Structure formats: structure tokens, C-alpha cells
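Worksheet: the structure to be examined is printed underneath.
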Amino acid sequence: ALADAALRQCMPCGPGDRGNCFGPSICCGAELGCYVGTAETLRCAEENYLPSPCRAGGQPCGAGGRCAAPGICCSDETCSLEPACLEEAGERGGEPAQKNLTGLDASAGDFLLKLMHLAANRQQQGGKGPLL
């Protein structure tokens with residue numbers, strides 16, 4: 001409980017500072033998705049120099065990660081698709097996820113959903129290697 005009290009929100013990052021740093025090269029937000037190793041994550045390296053620990057994201061997921069964006073679980077080193085994080089987005093109202101999908105035409109939205117389900121099923125089956 002004492003450790004939880006010492007945690008602060010991780011630094012903002014990404015376009016319009018609408019995301020939060022999850023690690024030195026990971027920036028995620030509900031409306032943004034996740035950036036890994038891009039210019040949007042450069043600011044996140046500064047977290048290593050701050051004296052107090054931080055925590056970003058929602059519910060715990062995966063191996064030491066937290067829900068970072070709808071359907072995505074990130075630790076400080078990596079991100080993966082996580083169906084439980086889709087459920088969390090729905091519990092919060094799901095507005096950002098739905099808003100992002102409505103901007104796509106029907107075929108692009110269907111393709112994205114099929115790709116997310118394929119990746120989630122492959123992960124549950126312990127599949128290794130590329131998705132496609």
C-alpha cells in the first residue's frame with residue numbers, strides 16, 4: 001500500500017500530450033493507440049532520470065503490464081494485443097475506441113476487427129512468429 005501511494009502518473013507524450021509514457025520508448029493513449037520507438041516516445045526516456053516511480057494505464061494485464069489503449073497491454077519494455085483491455089475500454093464507455101472505428105470505412109473497420117481477433121486467438125493458442 002505504501003508503494004502505491006508513492007506512484008505518480010507517468011509523463012504525458014504523443015500528439016497533443018494525449019498519451020502517457022509506459023517505458024523509455026513506449027507512448028500510449030486511448031485515442032492514440034501506442035507508439036513504440038518513434039519520435040513521439042523521445043520524451044519518455046526522461047522518465048529514467050526522475051526520482052519517483054510512475055504508473056500509467058488501466059487494469060493490470062499480461063506479464064507485468066497494464067491496459068494502455070483499447071485492446072493493447074504494455075509493460076515498460078513491450079506491448080501486445082490483449083482482449084481484456086478491450087473489455088476495460090467498454091467499461092469506461094468505449095467512446096474513444098468506437099470513435100476511432102467509425103472514422104474508417106466499413107471494409108477497413110471489418111478488417112481491423114478481424115486482425116485483432118486473429119492476433120488474440122493466436123496469442124491464446126501460444127502461437128509464435130508473424131501473424132501474416
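In case you wondered, yes, glycine gets a Cβ from its N, Cα and C as well.
Per Swiss-Prot, disulfide bond is recorded for Cys10-Cys54 (among others), and the stated evidence type is similarity to another entry. Classification of Cys10 (disulfide bond) by DSSP places it in coil, neither helical nor stranded. With a cut-off of 8 Å between CB atoms and residues at least 6 apart in sequence, the same chain places Asn20, Cys21, Phe22, Cys44, Glu47, Cys54, Arg55, Ala56 near Cys10 (disulfide bond), listed in sequence order.
If you take the C-beta of Cys13 (disulfide bond) and look for same-chain residues 6 or more apart in sequence within under 8 angstroms, you find Gly19, Asn20, Cys21, Cys27, Tyr35, Glu40, Thr41, Arg43, Cys44. As annotated by Swiss-Prot, disulfide bond applies to Cys13-Cys27 (among others), with the evidence given as similarity to another entry.
The Cβ neighbour count for Cys21 (disulfide bond), using a 10 Å radius and every protein chain shown, is 24. DSSP classifies Cys21 (disulfide bond) as strand under the three-state reduction. If you look up Swiss-Prot, you'll see Cys21-Cys44 (among others) marked as disulfide bond, on the strength of similarity to another entry.
Under the heading disulfide bond, Swiss-Prot lists Cys28-Cys34 (among others), citing similarity to another entry as support. Within 10 Å of the Cβ of Cys34 (disulfide bond) there are 20 other Cβ atoms, across all protein chains. Look at Cys34 (disulfide bond): DSSP puts it in a strand.
Summarising the annotation, Swiss-Prot assigns disulfide bond to Cys61-Cys73 (among others). Under a cutoff of 8 A between CB atoms, and with a sequence separation of 6+ in the same chain, the neighbours of Cys73 (disulfide bond) are Cys61, Gly62, Gly65, Arg66, Cys67, Cys79, Ser80, Leu81, Glu82, Ala84, Cys85.
What Swiss-Prot lists as disulfide bond is Cys67-Cys85 (among others), and the listing cites similarity to another entry. Counting every protein chain shown, 26 other Cβ atoms lie within 10 Å of the Cβ of Cys67 (disulfide bond).
Taking the Cβ of Cys74 (disulfide bond) as reference, residues of its chain lying under 8 Å away and at least six apart in sequence are, in sequence order, Phe22, Gly23, Ile26, Cys28, Cys34, Gly57, Gly65, Arg66, Ala68, Ser80. Positions annotated as disulfide bond by Swiss-Prot, on the basis of similarity to another entry: Cys74-Cys79 (among others).
Each of the disulfide-bonded residues Cys28, Cys44, Cys61, Cys85 was scored by the other Cβ atoms within 10 Å of its Cβ; the lowest score goes to Cys61. Per-site Cβ counts within 10 Å over the disulfide-bonded residues Cys27, Cys54, Cys79 peak at Cys27.
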